[in-house]
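This report concerns only the one structure given below.
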Amino acid sequence: MDKIVIKGGNRLTGEVKVEGAKNAVLPVLTASLLASEGQSKLVNVPDLSDVVTINNVLSTLNANVEYNKEEGAVLVDASTTLKEEAPYEYVSKMRASILVMGPLLARLGHAIVALPGGCAIGARPIEQHIKGFEALGAEIHLENGNIYASTKDGLKGTDIHLDFPSVGATQNIIMAASLAKGKTVIENVAKEPEIVDLANYINEMGGKVTGAGTDTITIHGVEKLRGVEHSIIPDRIEAGTLIIAAAITRGDVFVRDAVKEHMTSLIYKLEEMGVNLDFQEDGVRVTAEDELKPVDVKTLPHPGFPTDMQSQMIALLLTAEGHKVITETVFENRFMHVAEFRRMNANITVEGRSAKIQGKSQLQGAQVKATDLRAAAALILAGLVAEGTTQVTELKHLDRGYVNFHEKLKSLGANIERVNY
């Protein structure tokens, strides 16, 4: 097993590049199953364990998958005779595996998918997915830990209203509806940039999806889709994490490929704190002064403040004066990292769905464990400014969403190593 060891106190300077988006590449890879002709080539693919997992799922479904990690490219040929079952062995590792259900229903008219796994942050129910599939004409039942879905006469377009703008449900329903008969209108959808990227990919394959990025998405079903080449958008969460790494060390860093339009709520909060963000065509220069102002943060569905930046923002707020409140409205049970911050002498408490930070914490190095993907990054950020040595374990979480995170920080001047123990 590996751990990351950080000696705090170094100011970060230099330039760092953002990878392709984890939360965009996974649905785009599953959408490749929709193409009954040709092969798809996906580029700007990040070298993450989740990408390997979803590739294994696609291979299990009998798609031909070639992954060139050096080039950051994946070739997917789904013109084969697809299998209907995504087994627990892979689906249990990652929730995004549920996203094969929409494409399988669309292509085959039936699918068997194990109930998903992934990060342990809240219930993350899949009722919205099931509700959407049923509205399109699928019959669903749960048995022995599997979801069984089938249609008698194929999927048919309809009007669907989501109870909550679930990202996964929005993606799954778009994919299912892309080959359905007629028009589907989905209201109260998720508006994340990753939804827009998926819609763009399906349209490049010959689909007809409009309205992605707004409250309502319309899909006109087509008879077939074909493989194409598509470049994955930059990862706005990695970009945000690297921006905070610069700010927390009061550094001077250029984050290449950070997209301003993808991070408006985070930018607003950082600028409110006094972080300087100079956006250019190809990225952003980040600088910060010693004294940052306190702000309150509330996570919300996009375009609100992203829940995936909550723990990193807590790390930064620990270094600012004053009273700060962070309220989590998207996932329950997403303050497990607070106990680890407290091991580092953080003055932070949790009350219900809010975390409260009193004053500026004099962070001290400690041995801490990552509780989920974003918490792993946040604890490393705290270690950058803690007095003494911080050791972060449970790096399997980190590897699900960040490529060579410690190497990137090291290139900017951090005293950080990844060691086997």
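Using N, Cα and C of the backbone, Cβ positions are placed for all residues, glycine too.
As written in Swiss-Prot, here are the features:
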type: BINDING; residues: Lys22, Asn23; note: phosphoenolpyruvate binding site
type: BINDING; residues: Arg95, Arg124, Pro125, Ile126, Glu127, Gln128, Asp308, Val330; note: UDP-N-acetyl-alpha-D-glucosamine binding site
type: ACT_SITE; residues: Cys119; note: active site, proton donor
type: MOD_RES; residues: Cys119; note: 2-(S-cysteinyl)pyruvic acid O-phosphothioketal
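Distance noted between the C-alpha atoms of Glu127 (UDP-N-acetyl-alpha-D-glucosamine binding site) and Asn23 (phosphoenolpyruvate binding site) is 20 Å. Counting Cβ atoms from all protein chains shown, Ile126 (UDP-N-acetyl-alpha-D-glucosamine binding site) has 20 others lying within 10 Å of its own Cβ. If you take the C-beta of Val330 (UDP-N-acetyl-alpha-D-glucosamine binding site) and look for same-chain residues 6 or more apart in sequence within under 8 angstroms, you find Thr299, Leu300, Pro301, Thr307. Set side by side, the binding-site residues Glu127, Asp308 differ in how many other CB atoms lie within 10 angstroms of their CB, and the most is found at Asp308. The two recorded residues, Asp308 (UDP-N-acetyl-alpha-D-glucosamine binding site) and Asn23 (phosphoenolpyruvate binding site), show a Cα separation of 11 Å. Using a 10 Å Cβ-Cβ cutoff, Arg95 (UDP-N-acetyl-alpha-D-glucosamine binding site) registers 18 neighbours. Taking all protein chains in view, 24 other C-beta atoms sit within 10 angstroms of the C-beta of Asn23 (phosphoenolpyruvate binding site). Its Cβ placed at the centre, Lys22 (phosphoenolpyruvate binding site) has 24 other Cβ atoms within 10 Å. Within the set of binding-site residues (Pro125, Gln128), the lowest number of other Cβ atoms found within 10 Å of a Cβ is recorded at Pro125.
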